[in-house]
Structure formats: structure tokens, C-alpha cells
Amino acid sequence: MSARQLTILYGSQSGTAQDLAEQIWRDSKLYHLKGSVSAMDEYDISKLIQERFVVMVCSTYGQGEEPDNMKRFWKFLLRKSLPADSLRGMFFGVLGLGDSRYPKFNYVAKRLHKRLLQLGASALLPVGLCDDQHDLGYGAVFMPWMTNFWSKLIELSPIPDGLRKLDETPREYRWTVEPWSGSASEEADMYAEVRVDNLFVTTVEANKRTTAEDHFQDVRFITFAKKSVDWNPGDVVYVRPHNSYEDVDRLFELFQEHNLGLNKDTVVLVKEIDSEMPVPAILRKPLPLERIALQYWDLTAIPRARAFAVLARTCPNELECEKLQEFSSYEGQEELFSYANRPRRTILEVLQDFPHASAALTLAALFELFQPIKPRAFSIASSAASGKLQILVAVIEYRTKLKEPRKGLCSNWLKRLQPGDSLRVWTRKGTFQLPADPTIPIVMVGPGTGLAPFRSILQERELLADRRKSGPLVLFFGCRKAAADFHLEEDLRRMENSGLLTLFCAFSRDQNDKVYVQHVIRKQGDLLKKLLMEQNGMFLLSGSSKNMPEAVREALGEAIGSSLYVEDMLKTERYQEETWA
């Protein structure tokens, strides 16, 4: 390979690692570097021994698992037959994306970094550990880590004589985008030809609200036809939502307001500039902008620094441009957090705030400005043996200092689904690793919609031909009021009455003093000692990541009289968590 080439590889479950990998590729052009960016499993790994400079960006999924588009690549690297000096000529950097709420924070990136060293490669700098919990998001680590990476790389491979580092990348845009005079692709679903393992088309059978009409939150129990794919208790289902028609209309109103000459019927064709950045398969055909706006661009996304750099590039207004450049700089990240992240300002609202920049947008810029809609995962709340695929979804809507309420893209899309609607979904192994022996006791803590994976486990056991093969099952469920948001109460009471389940409930607002699951756990020390310490049972927790997980860990330690035992359970994966923000 050329000494002035940088190969950029990513392992991405939701698309964020891919976004950062593409940003690294853009920035590499400042240093006159050539090189491609691709998913690890799409890269010809036989070429790895020839590479001199490589940067790898990867996320950690579930209980320390690698992303789906990295699995083959990782399996190859783990081969015991690989010589210890296989990669002796390679210099590399590994950047990990993770969440410090999880015990195996950035586990994949740490293992990858270690394995590359074992194979003889040289690290340009320590592994970068981006943390989604940081106020400034991944950028807090990504930006300074990349600054150091470029410094180290340029020491080994200086910019050629007669050239200097560029002030701005010559490849700000990945592709060219042109109006198409012919007809658009007839396939209404942009993702119809995308192949994913365990994917199937299903239909909505029921979409019911589980909370009282006067309750502050709408929670949906949605039933889909099972079709031909099976799953195990604790697995998840992925869906890819669409924007609301209201947001799509708002986008085209903005186009019209600024006389951009773009309407819903405008057909465009995305073209490759060179082989370094190929066009995704779903964009390689003529498409109407309305379809792209509905299915591909995330109109509700909170823009990252990259979006402000795109807007600044062609902005003709000095004041707007100055502010946009500040938001896109490393020094301006705290300001950006206050402007965009804290109030959850969407990219559409940003375009309204910067009218001069919006009026100068081009088709190519739009594909850089809008992030692709990422698929969302939901715990499956039913057993495959039931013949139904069911999920329990809290519809996200809340207020910040902004005038309009904030609405979750996917949950509100799911809320709008009607019986008979069809959609493409796919299943994956979930976070929980359940015991193969069904007689091992399982203690579950699932307040609110955290109940979902446990309903799957319970229903699976309920449908066992021989109930005697099931070990003790205990559930600590919590919600605000028994009469308002006791999800799937009928199912849980039936299982309790049959002897399958021991159920403890915490209704936080049904008495003067608030009672949460951790308070109820503290009172069940004898039972928990028996199941966890004497019978080596498992402890599973699912729900909000805010305060509950830590409170439950502390309560369990107090209940059984040993916080060290709880720590040991975490290390041996007998204590597992599945949480979300």
C-alpha cells in the first residue's frame, strides 16, 4: 500500500461509529492522505498485512459484544494460527464508542487494541474511549484524540515537500447530487432490497395503550404477526422509523421559503466521486426528495458539530457564519451543548435559526447535513412460542425551554401504526445472557417498560410443557400508580396466581411516602439470600439508566448483607443490566 494512505474501518451497530469514521476520512484530506472508509466486514482482510496506517472506530453492543458488521473481521483476528508478527509493519489507532453506565464500557475497542498489539502492530496512541455519558458526548474524547492521532501520523509520514496542511478539506461532501429528469424508482420502500439476518415483513395486529387516558405518559403494547423467524427470551427486535408527515411538510416549506427550487416531487441521483467513498446501495437509484425526507434523513436529530461546519461552508452572512464556525470548533463545544443538546434542538429548528445559511444550501450539502435515520432496538415482550411478536413502548414527549414539545422519532412513529400496517423488522440477540438450565432461579427488576424482556422470559416458562422444570422466578415491578400504569397487570397476576411467579410491586405515588423497587428489595433479604447466594441464581435489571440501577445495586447489597457479593455477581455476569437513557 502507499505510504501516504490511511485505511479507515468501522464496526457500527447504530451508525454513529460510521459517522465518525467518515469524519476522519474527510479530515485525512487536510493532510493529503488517500484511503478508503468501510465497515470491517466489507473490507478485504487479506490486505491488512499490507497496510501501514489504519484507524479503527468501533462501538460496544450488549454485554460487551462487537457490532454485527464487525463480527467476521473480529473472528479472523482471533485465529490462533495467525503469527505473532502478522501486522508488524502496521501503525494503528483504535477509537471506541461506549457508555460508562455499563460494566463492559468500550470492551470491544479495548480488546481490539490489545489484539492488534499481540499481532505485532504498533499503536500510534492509547485507545480512545468515547463516553456517551459525557456532557459533550463522544466529541469530548473524539476531537482531542484525533488531534493527537494526526500529530503522530504526520511524524511518521510527513506531508510531502511543496505541500502544507490545508485549512479546509477538499472533500467536504462525500458525493455529488444532481436533479434527475427521468422517473424515480418505483419501489416505495427505500430499504426493500437491503438484506439483514433474521429480517422479515410483518403486520400490526394491535396497538393498545396500557396507561390510563389521564396518565401523563402514553405507553403502547404493540402486537405484530410472528411470521417465520424465531427468537429467544431477552432478544430484541429492530425497527426503522419514518419521520412524521408534519416534519416532512415543515422541511419543504423551508425549501420553498428560501427559493431553493426543491419540492417533494424533485427526483435526485446521488453519484460517487471516487472509490474511496462509495454511495450506499439504497441511494444508487433515482429517488424523489419526499421519499428521502420521510425514510432516510433524520429530521428530529440533534445536530453534531459536523452539521454546523456544513452550514458555515456556504453561509453568506458574516454573523451567522461566525456563530456556525464557533459551534463546529472544539473550543465551541460547550456553547454547542447549551444551544443544541441541552434543549434538544432539532436540525429543522437549527435551519430556522440560521436563515441565511439555509438559503445557501445545495443538494450535496443536504446529504451531509442530515444524519440517516438509525434503526431502534426494543426488547421483545413475548415468547416465540406464543405466535406473536410484542413490544412495550413508552411514547416519548416532554418539554424543554423551547416552545414545541420534544417528541421521540421512533416511539411516536410506532404510536401512529394502525392494525394492518406492514413494516420490515429484524431480531437480534439481546443484552441478557440467560442460563441454559431452566431450574436456576432468576430475580428480575423491571420498573415501567423495563418489564418487557421479563414478560418474554415469563411467557416462555408459562408455555413450557412441564412447569416443574422451571426454577423460581421473582419479579420486582415498579410504576407510579396501580390504577394508572401497571403494565400487563392481567398477565402478571395470572402468572402469580398459578405459582409460576413471585411478584413484588412498588407503586411510588399510591401513598404519601414514595416507594420504589429498591425499597421493596431491601425488605426481601431472606428470599434473595436463598435464591442468589444459596442457589446461585441470576439477577437481571432492565429500565431507565438515570438513578435506578445504582440504587438497586446498593439495595441488593444491603438486603443480602454483602456488597462484595454483588460486585462478584457483576464480574461473573450473574448480575446483568439492560438500561437506556
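FYI, residue positions are counted from 1 along the chain as it appears here.
Note that Cβ sites are derived from N, Cα and C of the backbone, with glycine treated the same way.
What TrEMBL records for 6-150 is domain 'Flavodoxin-like'.
If you look up TrEMBL, you'll see Ser12, Gln13, Ser14, Gly15, Thr16, Ala17, Ser59, Thr60, Tyr61, Gly62, Asp132 marked as FMN binding site. Taking Cβ-Cβ distances under 8 Å and a sequence separation of 6 or more, the neighbours of Ser59 (FMN binding site) in its chain are Gly11, Ser12, Gln13, Ser14, Thr16, Ala17, Pro67, Gly96, Leu97, Gly98, Val108.
The domain 'FAD-binding FR-type' feature in TrEMBL is assigned to 197-435.
According to TrEMBL, the feature FAD binding site maps to Arg344, Arg376, Ala377, Phe378, Ser379, Gly408, Leu409, Cys410, Ser411, Trp580. Cβ neighbour count for Ser411 (FAD binding site) (all protein chains, 10 Å cutoff from its Cβ): 19.
Using a 10 Å Cβ-Cβ cutoff, Lys514 (NADP(+) binding site) registers 12 neighbours. According to TrEMBL, the NADP(+) binding site annotation covers Thr449, Ser508, Arg509, Lys514, Val515, Tyr516, Val517, Gln518.
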Exercise. Determine how many residues of the domain 'Flavodoxin-like' (6-150) DSSP places in helix, in strand and in coil.
Key: 59 helix, 33 strand, 53 coil
Quiz prompt | Ser379 (FAD binding site) and Tyr516 (NADP(+) binding site), Cα-Cα, nearest whole angstrom | solution = 22
Quiz item: If you measure from the Cα of Ala377 (FAD binding site), which of the binding-site residues Tyr61, Val517, Gln518 is the nearest?
Solution: Tyr61
Practice problem: Return the single residue from the binding-site residues list (Arg344, Arg509) that has the minimum number of other CB atoms within 10 Å. | Solution: Arg509
Quiz item: Which residues, sitting 6 or more apart from Val515 (NADP(+) binding site) on the same chain, put a CB under 8 Å from its CB?
Solution: Ala506, Phe507, Ser508
Quiz item: If we check Cα distances from Leu409 (FAD binding site), which of the binding-site residues Tyr61, Asp132, Lys514, Val517 wins as closest?
Solution: Asp132
Quiz item: Which value in Å gives the longest Cα to Cα span across the FMN site residues Ser12, Gln13, Ser14, Gly15, Thr16, Ala17, Ser59, Thr60, Tyr61, Gly62, Asp132 as recorded?
Solution: 16
Practice problem: Rounded to the nearest Å, what's the C-alpha distance separating Val517 (NADP(+) binding site) and Ser411 (FAD binding site)? Just drop the number here, would you? | Solution: 25
